[in-house]
Amino acid sequence: MSVLIVGMSHRSAPVSLLERLSMDDSVRGETTQALLGRASLSEALIVSTCNRLEVYTVTSSFHTGVNDVVEVLHEASGVDIETLRGYLYVRYADAAAEHMLVVTSGLDSMVLGEQQIIGQVRTAYQAANEYGSVGPALHSLTQTALHTGKRVHSETAIDDAGASMVSFAVDRALVQMGLDSEAEAPLSGKTALVLGAGAMSSLAATHLGRAGISNLIMANRTLERAERLAEHSLEAGVPAEVVEYDQRASAYNRVDLVVSATGADDFTVKPEDIPEGASLMLVDLSMPRDIDDACADLPGVDLVNIERLHKASREGGSGMAPSEEEALAIVREELDSFTSEQRIRDIVPAVSALRRQAASVGSDELDRLRQRAPGISEVEWGEVEKTVRRVVDKLLHEPTVRVKELAARSGSISYDSALQELFGLESLASTAAPATTSVNASELPDAGIVAFVNAPSATQTRE
């Protein structure tokens, strides 16, 4: 049984496709249960964010597992399998572990070092726990990934590269407004309308406040949540008020920016709602989109959304920063420790089976000896039993210690399989994952099932 990841991110797919695969809590729960309904899959965890959709699962068969995950994604999203094949990537065994550590550390994010992904992975883990879909493998891997992410952010200066996609979006908006994002209070004298009251909206309000915004207007479907967000802004020293969600358009003629992060089923900002001649900077932080792209066609209206942020991120790519090198060193260290522990755990069943077989052989020989030498006294027989068992234990001690040490090292040898072959042990249900870190599409039953997109790893530089 090995961990398998089938996913899609801003590095492998267009935003329009990521939107179609985006999952709310309800869809994620249904999809998780559908995954567990497949015979090849025994655990499941889904990470769904603005920039990625990744299915983490444990499978008994690589080929069948990949096919099952792709079919479930097709059923959940309505995206045809041929389209999915062109954009999905696959990570397996040690490569899957490395990928999760890199992702959770913010090293595969659109904004290098962003911290939101740690919370998103934690939320995905908690949800999977509630669904009952997390077992020993995903529990161990996720906890290691979260620990690694914390180390990366506390032991390096990676946070300086960019706190979140929200800060990136606000900075891009400032640039497009002709303002200096490095200035002390570039938004001084400006007013912003924030739609939504969740984590993204709260972060947006915080960043707008740090940029010196003079006034904030909050609107949310649940009025009380908008009022709480306004109270927090007031406590931070930023004047804030609340408008009814249905009356949000009435505020357009008195604001300079509109930031939307609601995840609504319909557009929150439409061209027909914007007053003629209005000068507006629109920032869309939702997936699927909150703001109709057609708004950007209006005179005086500009738009920043996730798709445009992706483009800006790709165009602004640069070499690896020292903090990123330090972060990757931590990932390598934690990955080595995790995979070593996993290989040791994988070999324990084979070692136990070997000891049971040796004990059984010893017992059989003692029984035969007892029948051939019935005159041995109980005291003498007790010494014979102790001696035979002591010899068996001593003979097995060094090999079992050594095989655990060897298993802890990375390599292509499966030591539990070697023990089974050498000593004729019965095939065990728990087998070690291969140390392979890459897979070719040609190895799959249908060579076109997935496009293997190389995400950054602990041994590669970032795109």
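Cβ coordinates come from backbone N, Cα and C, glycine included.
Taken straight from Swiss-Prot:
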- Thr49, Cys50, Asn51, Arg52, Ser109, Glu114, Gln115, Gln116, Gln120: substrate binding site (BINDING)
- Cys50: active site, nucleophile (ACT_SITE)
- His99: site 'Important for activity' (SITE)
- Gly196, Ala197, Gly198, Ala199, Met200, Ser201: NADP(+) binding site (BINDING)
Q | Whole-number Å value for how far Ala197 (NADP(+) binding site) lies from Cys50 (active site, nucleophile) (Cα to Cα) | A | 17
Q. Quick one: what's DSSP say for Gly196 (NADP(+) binding site), helix, strand or coil?
A. coil
Q: Look at the recorded positions Cys50, Ala197, Ala199, Met200 and tell me which residue has the greatest number of other C-beta atoms within 10 angstroms of its C-beta.
A: Ala197
Q: Would you mind pulling the longest C-alpha to C-alpha span across Thr49, Cys50, Asn51, Arg52, Ser109, Glu114, Gln115, Gln116, Gln120, which the record has binding substrate, in angstrom?
A: 15
Q | Neighbour-count leader, CB within 10 A, binding-site residues: Gly196, Gly198 | A | Gly196
Q) About how far apart, in whole Å, are the alpha carbons (Cα) of Ser109 (substrate binding site) and Gly198 (NADP(+) binding site)? A) 21
Q: Measure from the CA atom of Ser201 (NADP(+) binding site) to the CA atom of Thr49 (substrate binding site) and give the result in Å, rounded to a whole number.
A: 15
Q: Between the Cα atoms of Ala197 (NADP(+) binding site) and His99 (site 'Important for activity'), find the distance and write it as a whole number of Å.
A: 32
Q. Just checking, which of Thr49, Ser109, Gln120, Ser201 (binding-site residues) has the fewest C-beta atoms within 10 Å of its C-beta?
A. Gln120
Q: Output the one of Asn51, Gln115 that, of all these binding-site residues, has the highest number of other Cβ atoms within 10 Å of its Cβ.
A: Asn51
(Q) For the C-alpha pair, I'd like the distance in angstrom between Asn51 (substrate binding site) and Met200 (NADP(+) binding site), rounded off. (A) 14
Q | Output field, NADP(+) shell: CB within 8 Å of site CB centroid, site Gly196, Ala197, Gly198, Ala199, Met200, Ser201 dropped | A | Ser202, Leu203, Ala204, Leu229, Ala261, Thr262
Q) Using DSSP, would you call Ser201 (NADP(+) binding site) helix, strand or coil? A) helix
Q | Met200 (NADP(+) binding site) and His99 (site 'Important for activity'), Cα-Cα, nearest whole angstrom | A | 25
